[in-house]
Every structure is written in C-alpha cells, then in structure tokens.
C-alpha cells in the first residue's frame, strides 16, 4: 500500500503529475505496476500509460499477456523487456515483439533460456525496425538468420548473448545497422570472422568466448576505440584495430601441449603488437602467464604506448616474468593498477611440464627472487584463510616497481589477501615503497572477488 504525507486529504504520491508517476512505475515489473490500479480511481489507469513495460511471462497464461497488452494506451514505448519461455509460446512471443515494434520501442530486450526449443527464428518484421536504438537478445534457442534485408536504421547498441549466427547473417545485421556504436557478443556461436570495417560509427566491442562458443577467430575493426576480449581456447587474430585506445584482454589458449614458441610469438605477442596505439590496457591472469612463457622463450615484445595499465591477477610466480618484461616495454607508463582478483589460471604443473618439454630449466626460469612467491594452488589456499603475509604483497609491489622507470602512481586493490592487522602493516610498507621509488602508492580493499564478465554499466 502506498503511504505518504497528506495534502488536503490526498496522499502526496498520488498528487504528483502523471509524468512522474509513469517514471516511478517504469522502474518496477509491469505485473507490480498493474497492482497499483487497485489503490484508487486516480491510479486505475496510470500503469497503462507508462511508456516502459517489463513482462515476465514464463509462468503466465499467454492469454493474460495479450489482455495486458490490450489495456496499454501509451502512444509510444521507450522500453520493452520480455522474459519468457518459447515452448508452446512462439505465437505469443512473436505477438509481443510485434506489439513493441508497432509502438516504436526505443529499447527492446528479449530474454529466453528455454533449451527445449531449438532453432527459434525471429519473424521477418523483427528485422525491420526504424525506432529501436538499443536491442538486447539473450537466448540459447535463437538462431539469428534473417531471411530478409535487415533495417535497424536507428540502432546504436546491440547486445547478443547465447545466440547462434553465421558470418553471412552477421554481415546482414551490420549492413542494416549503419549507426551502430556499441556491440556485445557474449557466448555466441558459429560466426568466425568479424569484419567491422564498414561499421564506421562502431566504437566499442565486447566479446566473451568459451569452449562451447568459440567465435570469432578474426577481428577487423579499424574504427574501434574500445575492445574487451575474454576467455577462449582458440587464438583470436586482430587484423586491424588501428584506432584502438582502450583494450581489456584475458585469453586462455588451452592445452599447453600444442603451444610452441612460434605460437606464442604469432598469437600472444602479435596481439600486443596490434595494440601499439592503446593508452589504457587491462590484462588478465592467464594472458599474463602466457606472456611469461613468451618471455622465458625469448620472444621479443613490442614497445607499447600504454599510459594506464591494469593487471587482474592473483599474486603468483608464474605471472612475474610476463609482467616485468611487459613493464620494460611500456616506457610511457604513468599508472599501474594491480587488482588481486581470484581468476582462472594455468596450473604450475602444466607450466613446468611445458618448460621441460622445451628444454628450459624451470629452476632457472623461476628465478630465486621469484621463488618466494606462491604457485596458484598456494595462493588460492591463502585467499581462503586470509593468512597471506603483508611482506609478500610488498615484495610483489617492489618487484614491479623495479621494472618500470616512468611510473607516477601504483594502485593495489586487495581482495581477501590480508586480515586487518596485515592490511595496516602493508599500509606502512607502502609508505616506504612510495618514498624509495618516488611513486605514489595507494592500497585499497576491493570487494570484487572475481574478474567481471561485463563492462561497467554505462
């Protein structure tokens, strides 16, 4: 029940203009908004004029959804979100989509994780929409195979999750979205070559891949400014990202039995070479481990123009050779952030096995001054019990500070490494490190325990 201060016998909220009430109801699911119609005559039809609809019909009768939409009287929809199943509901789902399009929805979000239905294809009218500016599709059942010309002439943000689409289908989508600025492809399958050379307005690209959703293996994006590429067993070739200024990488290259020095040079380090104009770079733990192998194999690193570098890693010995060499080849670095998140890593056993097979002495590779740092299993154990020593973190910081000459600021975001006493000890050590290296050193606690899978909210 809505309560509030009374104004001449009328509650304060009910006295607000319709536009404000619509804004309030836009922030709740439509089912909850409809319930406000029972409050009073004033509220009876307010929900039906709200320009934002959020419908969850996974358990609802399709007829009740149709009835709800029939009461809707706003001339235009700013946002339409549909969370549904597809089994025995395809006609109803298509009807909802047609309703949103006919009301010129600017933001359209469709979510369905119903794996009982395979190969669902959107109707042709879905691909002809001049109003939508933001489109989000999350479904393990959707095959994006437009059988007609795509015309999304106002679309600026496109996010596809768990969808299947071919290279041919993707070209149709891109050619029909001339104003596209932001593209997210999260665990999408079958497309292999992502050619964005004709998408002149595209500035931001985010791709998450996995063992089951491999693509793409090639990216051509000369107009791109910001790239986030995460998690894959297959390497991804950056053919043209010449306008890139910001990148976030953590690529898992899979079975080390197939990894050679040539592979490292032509994939891991070559990816760095394509980032030579990037000024803001984030690198994850497994990518750092692969850089360590490249460094130990004597693979030359490119010189980078990075000014702000973020490392998302546990404090383990197997990332140190890669980090220190990377720092030496980043002469203009001004700010280094170390975020000690828990993340996936290649085991020490596999790394050492790789070194032996390539006639490299593991004791020499993990230098004596790096041997004080733990392996991945030891670090995970420390994270669980929070008994890492403050001097271990300080040694890690000192090791990195000695590898860079131009640094102005180091920020350490700690997750679960130290208890309260250890944290206070580290703060004191950081003051000494700051003075000795003429670098501003900041120590902060972080409550993000795992590497994020998405960009920060825009």
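Going from the start of the chain as shown, residues are counted 1 onward.
The backbone N, Cα and C atoms fix where each Cβ goes, and this holds for glycine too.
Record features, source Swiss-Prot:
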- 10-56: domain 'F-box' (DOMAIN)
- 57-84: repeat 'LRR 1' (REPEAT)
- 86-112: repeat 'LRR 2' (REPEAT)
- 133-161: repeat 'LRR 3' (REPEAT)
- 162-187: repeat 'LRR 4' (REPEAT)
- 226-251: repeat 'LRR 5' (REPEAT)
- 260-285: repeat 'LRR 6' (REPEAT)
- 325-353: repeat 'LRR 7' (REPEAT)
- 389-414: repeat 'LRR 8' (REPEAT)
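Summarising model confidence by region, the repeat 'LRR 6' (260-285) averages a pLDDT of 84. Mapped onto DSSP helix, strand and coil, the repeat 'LRR 8' (389-414) counts 12 helix, 6 strand, 8 coil. The repeat 'LRR 7' (325-353): residue composition by secondary structure is 10 helix, 6 strand, 13 coil, according to DSSP.
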